Amino acid sequence: MTSKKLVNSVAGCADDALAGLVACNPNLQLLQGHRVALRSDLDSLKGRVALLSGGGSGHEPAHAGFIGKGMLTGVIAGAVFTSPAVGSILAAIRAVAQAGTVGTLLIVKNYTGDRLNFGLAREQAQAEGIPVEMVVIGDDSAFTVLKKAGRRGLCGTVLIHKVAGALAEAGVGLEEITKQVNMVAKAMGTLGVSLSSCSVPGSKPTFELSADEVELGLGIHGEAGVRRIKMATADEIVKLMLDHMTDTTNASHVPVQPGCSVVMMVNNLGGLSFLELGIIADAAVRSLEGRGVKIARALVGTFMSALEMPGVSLTLLLVDEPLLKLIDAETTAAAWPNVAAVSVTGRKRSRVAPAEPQEALDSVAAGGSASKRMALVLERVCSTLLGLEEHLNALDRAAGDGDCGTTHSRAARAIREWLKEGPPPASPAQLLSKLSVLLLEKMGGSSGALYGLFLTAAAQPLKAKTSLPAWSAAMDAGLEAMQKYGKAAPGDRTMLDSLWAAGQELQAWKSPGADLFQVLTKAVKSAEAAAEATKNMEAGAGRASYISSARLEQPDPGAVAAAAILRAILEVLQSQAWTPWPAL
């Protein structure tokens with residue numbers, strides 16, 4: 001089965017892609033009749049060396065994304081994963097020569113088709129009297145024994161574009177640029193790894209992997225790698241990649257030693273999420289620095305892809321200060337990242353968090369009877385939520401991402417860990433404030449934010465008093481904060497429905513002589529009834545509001561969780577024959 005692609009036609013996809021890039025970039029122009037993109041200011045390059053590169057399409061943003069001042073003069077694109085035509089390469093060489101450049105350097109990745117077609121175009125151009133040189137880049141570090149074909153050209157080629165571009169911009173001659181580029185290419189290596197293959201438009205995937213397999217050492221055309229390994233953590237895979245790249249018994253290794261400086265590229269092969277890319281980058285930095293390697297610059301992003309391949313390649317280039325200046329030189333190429341010209345290694349990566357405001361001492365000492373009872377309440381709430389994890393997740397799958405129970409369990413475990421550190425504050429205001437901070441930090445999701453808002457606001461009326469009217473006011477304040485920032489209202493099928501129903505019953509605490517347990521019992525029953533009633537409501541807020549109400553046949557999980565929390569609190573208070581705080 002062929003994969004789906006957003007194209008107009010398989011035959012025209014490479015032309016359309018290049019046309020789209022040029023249409024959106026005023027600094028680029030197409031060469032009529034050819035799949036060639038050139039700098040719009042070509043005539044300004046008179047007296048300087050022109051740099052042309054290219055290859056098959058499907059590697060975007062390579063190669064056209066690296067056209068600009070300080071990088072490439074132009075590129076010649078082939079069909080997807082296919083070397084460009086000799087005629088188009090020759091037309092690009094002629095175009096830059098007619099603009100008054102003093103010579104052209106062809107930067108070619110080491111693949112047979114590219115070598116042949118660019119090489120033939122070079123011979124024809126030289127026969128016409130145009131000075132043309134060609135460098136073939138092979139930075140692949142996958143093969144332990146080199147074959148006659150040599151190392152494949154991979155993402156490291158982009159660094160060659162940058163170095164050569166900086167030299168050309170500085171007015172260096174063709175022969176010297178060629179010499180320096182060849183030297184730089186020998187101090188570089190790239191290795192790729194992928195979770196699955198890619199597919200050329202109109203075709204099936206190029207290779208198949210089992211669910212627990214990863215392809216190591218693959219190229220950029222969907223071809224299989226040198227071996228398959230079992231799926232592992234990002235840290236383990238990065239270590240394996242760096243071990244392979246730097247192993248001196250590997251004929252294509254990069255001679256990276258402790259104390260040396262490198263430019264590191266973490267390249268998305270097309271289909272890896274930015275989340276995973278960041279994790280890989282972190283693992284690579286830690287692993288290299290753990291080996292005593294200084295990371296002078298770190299480039300993370302998509303530089304040379306393989307269509308939608310969900311994988312990553314690592315490139316290491318040994319550098320000294322003169323080479324770093326070329327890497328840091330200004331460029332207008334759209335795909336080159338804005339990299340700070342400072343070393344990654346040795347930089348302070350964290351800042352001390354600001355100290356929390358000093359709290360007033362508890363009016364009732366922590367560890368006293370009130371503190372111990374609050375610990376019992378919290379423990380019951382935690383055990384209740386942990387017991388409801390699967391049930392809440394099941395309810396959440398109808399309209400959410402099925403993690404409501406997991407989120408509440410994460411909060412319960414965080415509270416339990418906090419209780420292990422010592423008795424909770426005896427002051428209700430301080431207790432709610434501490435819980436607010438804890439849930440905001442550990443619970444996550446919208447639930448964590450809503451509980452944090454509720455508890456933060458509810459703590460304020462309890463700073464001065466802890467009477468029953470103050471607790472009712474605390475409930476009012478918490479509900480007001482949830483509605484203000486969460487935008488939900490009673491009847492919107494959210495956790496607010498349970499809490500609101502309970503809050504209405506707690507208004508009775510504001511009347512003289514109100515009974516603590518009688519009112520609280522009615523509040524809990526009202527909350528449970530409201531939670532059950534949410535299954536008949538049309539969602540007006542939250543993730544569920546984006547789903548057809550016909551699918552919502554279960555009560556809202558947040559409302560169920562809130563009612564369960566209130567029930568747990570009531571049961572502990574009753575079982576302990578709770579005595580109100582001294583301030584009551």
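Glycine too: its Cβ is placed from the backbone N, Cα and C atoms.
Under the heading domain 'DhaK', TrEMBL lists 9-336.
Around the Cβ of HIS59 (substrate binding site), the number of neighbouring Cβ atoms within 10 Å comes to 29. What TrEMBL lists as substrate binding site is GLY56, SER57, GLY58, HIS59, LYS109, ASP114.
Packing around HIS221 (active site, tele-hemiaminal-histidine intermediate) is summarised by its Cβ count: 20 other Cβ atoms lie within 10 angstroms of its Cβ, all protein chains included. Annotated active site, tele-hemiaminal-histidine intermediate per TrEMBL: HIS221, in sequence order.
Summarising the annotation, TrEMBL assigns domain 'DhaL' to 372-571.
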- For GLY58 (substrate binding site) and HIS221 (active site, tele-hemiaminal-histidine intermediate), determine the Cα separation and express it in whole Å. 8
- Across the domain 'DhaL' (372-571) the predicted model averages a pLDDT of 89
- Query: Hey, how far is HIS221 (active site, tele-hemiaminal-histidine intermediate) from SER57 (substrate binding site), Cα to Cα, in Å?
  - Reply: 10
- Task: Please list residues from the chain of SER57 (substrate binding site) whose Cβ is under 8 angstroms from its Cβ, counting only those at least six apart in sequence.
- Result: CYS13, ALA14, ALA17, LEU18, ALA77, GLY78, ALA79, VAL80, PHE81, THR82
- Message: Radius 10 Å, atoms counted are CB only; among the binding-site residues GLY56, GLY58, which position scores highest?
- Response: GLY58
- Task: For the recorded substrate site, enumerate neighbouring residues of the same chain (Cβ within 8 Å of the Cβ centroid of GLY56, SER57, GLY58, HIS59, LYS109, ASP114, site residues themselves excluded), in sequence order.
- Result: GLY54, GLY55, ALA62, HIS63, ALA77, GLY78, VAL80, PHE81, THR82, SER83, ILE220, HIS221
- Task: Ten-angstrom check, please: count other Cβ atoms within 10 Å of the Cβ of ASP114 (substrate binding site), all chains counted.
- Result: 25
